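All remarks here apply to the structure that follows.
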Amino acid sequence: MKPAELKRLYRIVKVQLEYGLDELLPEHHLTRAPLLARKSLFWLRNQHADKALGDRLRLALQELGPVWIKFGQMMSTRRDLFPPHIADPLAMLQDKVAPFDGLQAKQLIEEELGAPLETWFDDFDIKPLASASIAQVHTAKLKSNGRDVVLKVIRPDIRPQIDADIKLMYRVARIVAKALPEARRLKPVEVVREYEKTLLDELDLRREAANAIQLRRNFENSEELYVPEVLTDFCNETVMVSERIYGIQVSDLAGLHANGTNMKLLAERGVSVFFTQVFRDSFFHADMHPGNVFVNPNHPENPQWIGLDCGIVGTLNSEDKRYLAENFLAFFNRDYRRVAQLHVDSGWVPLDTNVDEFEVAIRMVCEPIFAKPLCEISFGHVLLNLFNTARRFNMEVQPQLVLLQKTLLYVEGLGRQLYPQLDLWQTAKPFLEKWMANQVGPQAFLHALKERAPLWFEKMPELPELLYDSLKQGRNLNQRLDNLYQGYRQSKRQQGTGKFLFGVGATLVVCSAIWISNQLEPLAIGSATIGVLCWLLSWRAYRQ
């Protein structure tokens, strides 16, 4: 390790010990040495013994800085790996850090755009509107039309810091995976790899711009969701410019009530927006925490959601969507056999899974949920319970489903915060049933025909050539198969000859032994010679 890495590692260990995180080390013969070393560091005692372990972990990550804050946020979404007393406090981590100098931000933007800001913008505010671990946001006006915009710029020198901390995370994850068999279930290296990908994706604002453009297109002219316009002429890897919006933060309940917002409709529209993104578009905003969601103050009787920060999105393929919809419907119909079979059919659990045992396990976990009224049942926790049960049957981690479950928990939490009586099932069931109905029957056939017809017509002129190639390949394949079959038959014949000669040779050798005992040496020698010759011919036949 380099001196800088050792210094950073000491800082990380120091913070962990000051928050008593050595409690996370399991009782194991391999952890005795670290625990003994910990006792020798008498000056690094747990200074927060009055706090719960989950809260101490949250505070430690917050003190270690941006990379670790985001890592904690990701850990909070992996409830299939971490228990509630760890995941719940981590969900409260706030990605807010001190801003860097606004003049430096202005200089960075000018370097990326290749000219002074005054060329395109007026009233650039040196004071940032918001500051997070990866980027910060400033406001300005477009010189051409006076339109209010926001300029998002990646923090300077953030990449080396991320690379250094990720490298240390990998080192620790590999040590933990090798040294502690109990920790392998958590797949520490895979968790770090998933986090690294998420973090590096957020460093490229072109990706966020593309996501925002796609989401805006999907909800164009929609009364339910508005996505600010991205000004692509001013976007690159480290700078993104978009329309500035004025709204009420979704967590500001007092402000929403003061504006006369229809809270019931707003909550129901949040559910509708989520299921529309998932099942209609197969493309959903996967970071819908309250800081990224606002409400349009205009027309409060017909409220509209506003979605910001599209850095993290999720996608589902058609098979995942179908299995997910059928899982929800089967669960709420209490058809646990169907739920178990769907997990096997989808490939989420191994094909050799005992469906009967899996059904019993799902029933034991899910049946108590129905002790509550349907309106109190959490969709997100239903998914969580299903995934946790499936993990016992070797279900592989499905990243797209983890993102979906996290987003569903956000949307559901926001919806019930806005309108506690929100019946998520009554809101979602018609949507799911309608979507499933569109996947089967004449309407689904016509839809599939409509989608594929242009491709078929495009390929029709190539059909004769494709048919000729297929026939030619078929003839060549038949010839190769015939040659293989003839070779197989010849091999079988040779093996049969070899077996026959081996048997004759063995018989003659036995006979030679009998004739020797009866003083018939000439016959014995001749018989043995012919027997050995038969064995040699048999060996030759097998070799061929």
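Cβ atoms are placed via backbone N, Cα and C, with glycine included.
This prediction places the mean pLDDT of the domain 'Protein kinase' (123-501) at 82. Residues or ranges marked as domain 'Protein kinase' by Swiss-Prot: 123-501.
When secondary structure is read from DSSP and collapsed to three states, SER133 (ATP binding site) falls in the coil class. SER133 (ATP binding site) counts 21 other C-beta atoms within 10 Å of its own C-beta, drawing on all protein chains shown. The ATP binding site annotation in Swiss-Prot covers LEU129, ALA130, SER131, ALA132, SER133, ILE134, ALA135, GLN136, VAL137, LYS152 and is backed by sequence analysis.
Neighbours of ASP287 (active site, proton acceptor), defined as other CB atoms within 10 A of its CB across all chains, total 22. Swiss-Prot lists ASP287 with the feature active site, proton acceptor, giving sequence analysis as the kind of evidence.
Annotated transmembrane segment per Swiss-Prot: 496-516 (among others), in sequence order, evidence recorded as sequence analysis.
What Swiss-Prot records for 519-539 (among others) is transmembrane segment, and it gives sequence analysis as the kind of evidence.
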So how many other Cβ atoms are close to SER131 (ATP binding site), meaning within 10 Å of its Cβ?
-> 17
Return the single residue from the binding-site residues list (LEU129, ALA135, VAL137) that has the minimum number of other CB atoms within 10 Å.
-> LEU129
Distance, SER133 (ATP binding site) to ASP287 (active site, proton acceptor) (CA atoms, angstrom) | 15
If we take the residues LEU129, ALA130, SER131, ALA132, SER133, ILE134, ALA135, GLN136, VAL137, LYS152 that the record assigns to ATP, their largest CA-CA distance in Å comes out at 14
Those same-chain residues, other than LEU129, ALA130, SER131, ALA132, SER133, ILE134, ALA135, GLN136, VAL137, LYS152, found with Cβ within 8 Å of the centroid of the ATP-site Cβ atoms are PRO99, PRO128, VAL153, ARG155
